[in-house]
Amino acid sequence: MSSIALGVNIDHIATLRNARNTEYPDLVEIANIAVNNGADFITVHLREDRRHIRDSDVFRLKDNLNVPLNLEIAAIDEMLAIAIAVQPECVCLVPEKRQELTTEGGLDVKNMFTYLMPFVTQLHNHNIKVTLFVEPDINQINYAKKLSVDNIELHTGVYCNHNTQNELNRILEAAKHCYTNKIECHAGHGLDYQSAATIARVPYISALNIGHFLICEAVLHGIGTSIYKMKKVITNPL
């Protein structure tokens, strides 16, 4: 199988920084440590409430990274304008609720189709690739295909929480459907070493996005060591 890419989400480095409103830990420094230890791209989620990542973080990361920046945003005009100004390599459109602790599920592309269309078009007009974060659902992927998005990121949270064969089968079928429809397939949410190794074995998934678990592991083992181990786990799954 071809090597799978690792996207490291550093949102919770910003959470730690913001706890005391300090300038440290520095996100650019952490991002570059991640890259030096196997991260193929860096992911950040600029939320409407700015609970972790700030606007200035996104611009600094874009200006100081030698790997692609993957910017997660809600599909709203404010975030679209920021994305166009930043010019990340890719924007991942995600659902967002102010009271949620983290993203709770995928976009309902079917019901949001007309609403999402101008966002996808404008991002493409500025040469920014577009990913949609969706549940492993064939119907949702069909509507994403109609929007001509570049990538799908499958929500792995349900699988990670329940570890059922039925949910893994949904991911397998969704990844194959992406391949059949010529959409690059990524996956993420809730992944740890064990679940990431399983998802990395799924044919047609080309990248994983992992954040919270790696930051927690970094408290015990250091950010570089944790990312190096994860990259080894997903590129050589048992």
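Every residue, even glycine, has its Cβ placed from backbone N, Cα and C.
Residues ASN9, ARG20, GLY211, HIS212 are recorded by Swiss-Prot as 3-amino-2-oxopropyl phosphate binders, and the candidate that the same record lists for that site, out of GLY38, GLY190, GLY224, is GLY190. Around GLU153 (site 'Transition state stabilizer'), taking its Cβ as the centre, 29 other Cβ atoms fall within 10 Å, counting all chains. Other Cβ atoms within 10 Å of the Cβ of ARG47 (1-deoxy-D-xylulose 5-phosphate binding site), summed over all protein chains shown, number 19. Between the farthest pair of Cα atoms in the 3-amino-2-oxopropyl phosphate binding residues (ASN9, ARG20, GLY190, GLY211, HIS212), the distance is 26 Å. Relative to GLY211 (3-amino-2-oxopropyl phosphate binding site), the recorded positions HIS52, GLU72, GLU153 all have Cα atoms farther than 10 Å away. Ranking the active-site residues HIS45, HIS189 by other CB atoms within 10 A of the CB puts HIS45 at the bottom.
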